[in-house]
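Visitor: If you scroll down you'll find the structure; I have some questions about it.
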Amino acid sequence: AHKEDNPQKLLDMNRHTPVPHSYDYDLIVIGGGSGGLAAAKEAAKYEKKVMVLDFVTPTPLGNSWGLGGTCVNVGCIPKKLMHQGALLGQALQDSRKFGWQFTEEVKHNWMTMTESVQNYIGSLNWGYRVALREKKITFENAYGEFVGPHTIKATNKRGVEKLYTAERFLIATGERPRYLGIPGDKEYCISSDDLFSLPYCPGKTLVVGASYVALECAGFLAGLGLDVTVMVRSILLRGFDQDIANKIGEYMQEHGVSFIREFVPIKVEQIEEGTPGRLKVTAKSTKGNQIIEGEYNTVLLAIGRDACTRKIGLDKVGVKINEKTGKIPVNDEEQTNVPYIYAVGDILQDTLELTPLAIQAGRLLVQRLYAGSTSKCDYVNVPTTVFTPLEYGACGYSEEAAVEKFGEENIEVYHSHFWPLEWTVPSRDNNKCYAKIICNIQDNERVIGFHVLGPNAGEITQGFAAAIKCGLTKEQLDSTIGIHPVCAEV
Amino acid sequence: GKNEYDLLVIGGGSGGLACAKEAARFGRKVAVLDYVEPSPQGTKWGLGGTCVNVGCIPKKLMHQAALLGSAVKDAQHYGWNIAQPVHHTWSVMAQAVQNYVKSLNWGHRVQLQDKKVKYFNMKGRFSDPHTIHGLTKAGKETVVTAENIVIATGGRPKYPTHIAGALEYGITSDDLFWLKESPGKTLTPFVFNVSLECAGFLTGIGLDTTVMMRSIPLRGFDQQMASLVTEHMESYGTKFLKRCFPTKVEKLESNRLQVTWLNTDLGTEETDSFDTVMWAIGRDPDTETLNLETVGVKTNSETGKIIVDASEATSVPHIYAVGDITEGRPELTPTAIAAGKLLAQRLFGQSSELMDYDNVPTTVFTPLEYGCVGLSEEAAVQCYGSDNIEVYHAYYKPLEFTVAERDATQCYMKMVCLREREQRILGLHFIGPNAGEVTQGFALGIKCGATYPQLLKTIGIHPTCAEEITKLHITKRSGLDATVTGC
């Protein structure tokens with residue numbers, strides 16, 4: 001961190017035209033999520049005057065949450081904790097084979113889990129409020145929208161409006177779940193925005209969608225003992241390696257999740273009110289005229305997320321967005337077409353929607369703006385993990401993408417099924433865990449894709465991602481000794 | 001005359017079997033001799049060596065049993081209703097583990113058969129550089145000759161024979177995994193990773209366990225990490241008797257064992273009774289009955305291990321050695337396997353690739369696991385000087401510990417780097433759940449010459465423990481608080 005006593009000089013250094021106006025703030029961040037908070041905290045390090053605006057428009061069912069964004073409140077954090085709850089259910093079964101004895105009947109209490117998870121999230125919300133205060137970042141729980149050059153209007157819960165000006169703006173408003181646009185969707189269906197704080201057990205659930213959100217939620221709900229069905233329009237995990245996506249689906253099916261493929265809901269009606277109530281779902285085949293009906297306690301929509309960019313006044317300042325997707329195109333320095341307005345996180349066009357990426361991009365952006373850095377965020381070979389019951393970690397190209405980019409004859413795929421040692425004694429599946437690496441033959445067999453399906457996939461994949469960043473080749477992989485006995489040595 | 005076999009391997013463990021199977025791939029005539037001398041307590045086992053029978057495999061499975069005990073406790077915080085009491089039955093676990101190990105013995109037998117490797121269940125000794133005399137349990141002798149011989153007999157646990165009663169009444173890891181009945185209240189004197197790992201899982205399944213250490217734990221490992229590991233075990237319930245060493249073991253009328261020891265701090269003699277005393281003072285190379293002197297294979301006078309060069313060759317042409325028996329090599333299954341395979345490839349496959357023993361990753365499977373690769377902080381300081389290295393570190397809390405209300409005081413990681421511009425990573429140390437899984441990929445990175453800046457450029461996977469490694473930025477030098485705070 002460099003403490004510059006001449007801001008003018010700093011601006012010159014960064015090749016920005018010095019501005020004669022005196023603004024309320026150096027930087028206003030719209031959106032207090034992963035990207036926004038990271039950027040704000042970084043800017044405060046360089047003694048900039050920063051404001052963060054964060055506001056959660058309640059869900060159709062009236063649900064809302066505190067500071068921290070999607071990840072903390074309705075994303076990664078509660079998802080992983082509930083996934084852990086489901087894994088522990090499996091661990092209870094395994095433990096009997098390892099000699100642990102307790103009553104046959106073991107039931108799960110949704111409220112106990114949800115309360116613990118929400119308490120933890122509350123502590124994170126609180127932690128962020130404190131951190132912003134300590135770093136002297138002004139925080140307003142208000143909805144921000146542009147009203148003119150360098151000016152935004154902040155409207156709080158009670159409708160009180162205030163105007164603020166800033167030299168620069170960072171849009172980090174993220175996304176919200178999409179609805180189907182069918183009768184009954186907003187009245188009776190829930191989304192991931194509601195699931196993690198649902199004040200009653202969801203019961204028999206229909207999950208609509210085949211995104212990682214859909215599969216992760218369906219996965220842990222089933223793991224907690226609920227009757228779960230997933231309705232899929234076409235393929236699973238679009239954009240991910242399809243070979244692995246199918247293995248994930250197969251595994252879930254073998255472990256109690258029902259799939260209805262090639263159908264879409266056309267109507268949701270309420271049969272009975274309650275917590276949960278009873279809902280009737282009517283669905284139509286994508287391949288013909290067949291209509292089916294089903295009864296569920298809960299319908300969870302997970303068909304995708306829409307960027308929160310349509311109602312923040314971007315037209316007033318001329319920021320271009322992709323009209324179809326709502327996403328904002330930026331250059332490789334996260335700058336929009338308006339030079340003093342930047343964007344990071346899920347709202348960016350053509351990037352992976354991941355917390356660590358948003359954080360990294362936000363931090364590096366601020367370092368470039370205020371600390372004379374030239375480092376740009378590296379969007380290549382970003383690792384990710386899908387926390388389905390059988391976890392999937394990946395970094396780099398999927399097999400299809402590699403074939404398309406390099407040609408089938410120029411890539412080599414090495415693969416292996418493996419049986420985690422911990423699964424042997426409890427007699428769990430011996431041919432489901434799987435790992436594959438994709439190498440570019442023409443580039444010294446450089447590893448361009450890494451995929452692992454098995455327990456702790458995230459922990460395994462992280463290190464490999466670092467190695468891939470170092471230009472890992474197959475030869476180096478072969479010559480590295482494995483740690484025994486772990487899954488990662490495979 | 002012609003030798004009967006192209007390759008004879010003495011010792012059917014990790015290194016030996018890997019070498020034999022690889023040689024068979026090249027169409028060679030290969031034989032393996034494997035024999036298990038029963039332990040002083042009478043325990044013996046099948047084909048596969050230490051790792052499979054009395055090492056890594058049963059150890060990790062019993063470690064898993066202990067971890068599952070913690071999982072049962074955690075589960076209740078996550079909403080699972082489990083009626084108390086919850087208790088553990090040794091015999092259910094032991095039988096499950098032993099059955100699995102036996103299936104592996106069987107698997108190895110089948111594999112050798114499939115690959116047309118001849119298997120002799122015999123104890124071998126040299127009569128000349130190409131001739132081995134093998135003796136079966138029944139006393140029948142067979143002579144086998146081979147062009148090349150690989151010694152891979154591994155090691156066996158040491159007994160402190162100078163301590164009265166140690167041999168008669170104590171057991172070792174050779175016996176622990178095959179016990180039919182619970183070991184009960186257990187004492188494990190001296191502290192190598194074996195004893196810590198065993199003490200850890202014994203505590204985890206509910207047994208009263210005490211570790212006795214004369215000086216430092218985990219000699220050879222990074223000492224800061226070693227103390228965090230033992231600190232955790234202490235808070236986990238394992239008792240530690242520090243700076244003590246046993247002087248005698250006696251049997252009581254009740255069949256329990258009375259152990260007397262000297263507390264070097266207080267200078268007093270203390271005593272207590274236990275059901276089991278398990279020695280873990282190190283392992284001796286299994287070379288005594290091989291008759292190495294006859295053929296002139298040189299061993300290290302202090303350790304007794306076989307001296308080999310970078311190509312695993314001993315002092316006698318055509319005689320090689322791999323695995324725990326070799327001097328100066330890590331005592332790990334994967335290195336033995338890799339060395340055995342490469343040796344076979346050099347002998348029969350026209351390869352010239354030598355084994356790279358640098359930056360071998362390993363994991364200690366204590367209740368809170370410790371994974372590491374590369375240099376310890378002490379070794380790095382010694383090698384480069386403390387001014388030339390930078391240590392990045394962090395205390396973190398695994399997400400899953402939050403709801404489970406588990407103590408994460410010892411969840412810690414550090415990266416030792418060169419200080420000069422490139423900042424190459426010399427060593428990585430991680431304590432936390434799934435340490436092996438976390439460490440493996442980074443070991444690869446270090447093999448590729450990873451630098452600190454490259455690590456920082458790697459985006460983390462969220463939420464995991466491993467991602468904290470990509471976010472390390474507080475140095476020890478700065479003296480700043482290294483606790484990770486929030487997202």
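Backbone N, Cα and C define each Cβ position, glycine as well.
Where the annotation comes from TrEMBL, it is an automatic prediction and has not been curated.
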Visitor: Hey, TrEMBL has NAD(+) bound by A:GLY209, A:ALA210, A:SER211, A:TYR212, A:VAL213, A:ALA214, A:LEU215, A:GLU216. Any idea which of A:GLY122, A:GLY127, A:GLY304, A:GLY313 it lists too?
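Guide: NAD(+) site check in TrEMBL: besides A:GLY209, A:ALA210, A:SER211, A:TYR212, A:VAL213, A:ALA214, A:LEU215, A:GLU216, the record includes A:GLY304 out of A:GLY122, A:GLY127, A:GLY304, A:GLY313.
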Visitor: Write out the long-range same-chain contacts of A:LYS80 (FAD binding site), meaning residues 6 or more apart in sequence whose Cβ is under 8 Å from its Cβ.
Guide: A:PHE387
Visitor: Cβ within less than 8 Å of a chain B Cβ is the test here; which of the recorded positions A:CYS76, A:LYS80, A:GLY144, A:ASP346 meet it?
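Guide: Among the recorded positions A:CYS76, A:LYS80, A:GLY144, A:ASP346, the ones whose Cβ sits under 8 Å from a Cβ of chain B are A:CYS76, A:LYS80.
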Visitor: How far is it from A:GLY144 (FAD binding site) to A:CYS71 (disulfide bond), counting Cα to Cα, in Å?
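Guide: The separation of the Cα atoms works out to 20 Å.
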Visitor: Which number gives the other C-beta atoms within 10 angstroms of the C-beta of A:CYS71 (disulfide bond), all protein chains shown included?
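Guide: Other Cβ atoms within 10 Å of A:CYS71 (disulfide bond): 27.
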Visitor: Expressed to the nearest Å, what is the distance separating A:CYS71 (disulfide bond) and A:ASP346 (FAD binding site) at their Cα atoms?
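Guide: Here the two Cα atoms are 11 Å apart.
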Visitor: How big is the Cα-to-Cα gap, in Å, between A:ASP346 (FAD binding site) and A:CYS76 (disulfide bond)?
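Guide: Rounded to the nearest whole number, the Cα-Cα distance is 13 Å.
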Visitor: Select the most exposed residue of A:CYS76, A:ASP346, where exposure means the fewest other Cβ atoms within 10 Å, treating these as the recorded positions.
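Guide: So among A:CYS76, A:ASP346, the recorded positions given, the one with the fewest Cβ atoms within 10 Å is A:CYS76.
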